[in-house]
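K.L.:
Dumping what TrEMBL says about this protein:
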DOMAIN    226-370  domain 'DUF418'
TRANSMEM  14-32  transmembrane segment
TRANSMEM  99-126  transmembrane segment
TRANSMEM  138-162  transmembrane segment
TRANSMEM  191-215  transmembrane segment
TRANSMEM  236-253  transmembrane segment
TRANSMEM  259-283  transmembrane segment
TRANSMEM  303-321  transmembrane segment
TRANSMEM  333-352  transmembrane segment
Amino acid sequence: MTVQTPSRLYQLDAIRGFALLGILFLNVYFFNSPTYGYPTPSAPSALDISIDIFASLFLETRFISLFSMLFGAGLLLQYQQLEQKGKPAYQNISSRLKWLIVIGFCHSTLIWSGDILLTYAVCAYVALHYRELQGKALIYKGSQFVAFGLLLTYALTLWVGYEPFTQDSILYIDELAQLKSGYFNQLADQLLMTVFTLVSLPLSSLWYISGLMLIGMGLFKHKIFEKGLPLKWLKLCVYATVTLFIIDMTLQQSSIQELFLLAEFCTMFGGLFGALIYLHCIVQLCSSNNRCTVLQKIGRLSLTLYLSQSIVGVFIFRYCFPQTFVAFERIDYILFALLFSAVQILFAWGYFKLFKQGPMEKLWRTLAWGQKS
């Protein structure tokens, strides 16, 4: 007997909406400087340090991990739906991914080189290759990819060398000059950065992001996105998150560069477990659909809202008020993210009173599948 795949999982929409809002609180530091982000002050305030610690436990890599797993789950759900309709699933998915590459390339080149869409589209092709594996095998394969990706990045970082991005560094002076260079000079740099991102993917985030997508596929086959984590898994995620956070904080105090750099990879690994905790909480919250209505609406507008975050953020921070790069502390960026999150929530709430599909979502679907899709 064929198991019917649901036409839409509202839990996925809610998780996507939650992840999208969370990503803003990390990306906001990078709208001025997409490569380096927030320049650490020479003498950071107690509030600055406190926010940094809070982010390490609750924000850093949690939302990118959640979004990546969600992308893998959504990919598999859509594949199954297309198969059930008797449509060529791989060709249809591939068409969507090719157009996502185009959208991501334009976004990265013309607006903000911190784009993730381009990377996601390429990594999705890798993840699709393993779609027929059983749930447990997908999680195992994904974990291997994640571990290899982290080890590879750590080794390359040690080989290339690391220079902290502070307000006393040469990198900071270079970024200030770049901010004042004008849009067309920045456009050339963004094009180079976009091409570099594509070329270097096998040595950077390809393994890590593809691995997270595979884990998401495995979790989907185990119905974790519908029921949440088993209690045993949930306890393991809590213990792992707290333990890796403590190790991260300890290693950050080390004067040995190899240990100091290892702290960042503890954060990235811990982000996977933290993301699973968030996933579980949202699924439980959505046990009654109307509890997550707002998050579901945001999730259904995820592409539109993601692009609007960078368009507005880059316009404000880089072109209207470039002095924020010098003047803003972490609390200022957080307040902006809170304010803009509220704006996006209100927009999403009102939008679906008038329309059924987001503008960029509709454009993407039409480009990939035509008007009659």
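Note that Cβ sites are derived from N, Cα and C of the backbone, with glycine treated the same way.
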K.L.:
Taking pairs 6 or more apart in sequence, does the count of Cβ pairs under 8 Å between the transmembrane segment (14-32) and the transmembrane segment (236-253) hit 3 or more?
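P.N.:
No, the stretches stay apart by this measure.
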K.L.:
With a cut-off of 8 Å between Cβ atoms, can you find at least three pairs linking the transmembrane segment (259-283) to the transmembrane segment (333-352)? Only pairs 6 or more residues apart in sequence count.
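P.N.:
Contact between the transmembrane segment (333-352) and the transmembrane segment (259-283): absent, because fewer than 3 Cβ pairs are under 8 Å.
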K.L.:
How many of the residues that make up the domain 'DUF418' (226-370) does DSSP mark as helix, as strand and as coil?
P.N.:
120 helix, 0 strand, 25 coil
